[in-house]
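Here is the structure we will look at.
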Amino acid sequence: MHHAREVSQVIRGMPAADGDGVKLTRLIGSPYLDQLDPFLLLDAFGSDSPQDYIGGFPSHPHRGFETVTYMLAGSMRHEDSAGNAGVIEAGGVQWMTAGRGIIHSEMPQQSAGLLAGFQLWINLPSTHKMTPPAYQERTAAEIPIETLKDGTRVKVIAGQTRRGTQGVIENGLTEPVFWDVSLLAGGCLDERLTPTHNAFIYVIAGELTIGASQDLLVTGQLAILGSGDGVVIEATEASRFLLIAAKPLNEPVERAGPFVMNTRAEIDQAFADYRQGRLA
Ligand code: MN
């Protein structure tokens with residue numbers, strides 16, 4: 001029995017600035033939505049004015065969670081304290097498990113033109129917060145795209161579709177689904193979703209309806225999905241959206257800036273390790 005999820009809440013983004021003055025829209029990790037277990041933060045950035053992004057995100061630490069950077073346009077160069085470096089190009093993804101700690105910078109690899117994308121933070125379970133840092137980095141060409149008869153395209157970054165297309169990112173901890181979906185006008189996505197996963201949709205462009213109640217969602221809105229074992233999404237005009245889901249951890253969350261742990265003492269330890277050069 002297929003029970004499509006309905007919209008439980010629609011969230012508006014909050015204009016914010018982070019790093020060295022990068023303008024972005026904060027969708028998770030804001031006063032409107034503090035977190036959606038295990039998702040701690042979602043930022044959308046997109047501008048063709050260099051002054052909105054040129055400062056980038058100079059050297060900063062992370063501990064206790066994963067960061068996912070997904071670029072829609074432009075490119076971002078990253079470099080960490082262990083000597084790892086690379087450039088995430090348009091359509092590519094970097095899935096970084098910060099674990100016990102990294103110090104890195106994320107800087108635009110351009111001085112003009114459109115830079116657009118997302119950064120998502122996914123929490124790590126207490127058993128893996130101090131795991132060694134690791135990267136999974138994939139270019140657009142490496143990410144499978146499933147094309148359906150009605151023209152629907154599902155770019156499968158993580159998770160598996162019901163037709164069996166497997167995402168390029170491996171993650172057994174929170175079993176994430178991360179799809180970039182394009183629908184033609186009148187097109188539909190009818191998919192399964194693990195009932196115990198928390199899930200949301202963010203509309204990159206267009207206008208669509210969700211579930212049997214056909215709640216309307218427009219560009220820039222994030223919808224938290226309620227309970228069910230599937231999703232039915234129909235486009236009233238050509239649309240593009242992210243469908244993201246993962247297993248909730250149901251653990252205490254203590255967060256302070258770039259550190260997300262389970263207890264206050266662990267946060268204090270992270271700051272002490274960072275100050276004393278023992279974080280990364
Ligand atoms: Mn970072």
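Keep in mind that glycine also has a Cβ here, set from the backbone N, Cα and C atoms.
TrEMBL: automatically predicted annotations, no manual curation.
Listed in sequence order, the residues of the same chain lying 6 or more apart from His60 (Fe cation binding site) and placing their CB within less than 8 Å of its CB are Gly19, Ile103, His104, Ser105, Pro258. Look at TrEMBL and you will find His60, His62, His104, Glu106 tagged as Fe cation binding site.
Sequence annotations record features per position, and here TrEMBL assigns domain 'Pirin N-terminal' to 23-122.
Counting residue by residue with DSSP, the domain 'Pirin C-terminal' (179-279) contains 12 helix, 50 strand, 39 coil. Residues or ranges marked as domain 'Pirin C-terminal' in TrEMBL: 179-279.
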>> An 8 Å radius from the center of the His60, His62, His104, Glu106 Cβ atoms defines the neighbourhood of the Fe cation site; name the other residues of that chain inside it, in order.
In response: Phe57, Ser59, Pro61, Thr67, His78, Asp80, Ile102, Ile103, Ser105, Pro258
> DSSP helix, strand and coil counts for the domain 'Pirin N-terminal' (23-122)?
Replying inline: 3 helix, 61 strand, 36 coil
>> Considering every residue in the domain 'Pirin N-terminal' (23-122), what is the mean pLDDT value?
In response: 97
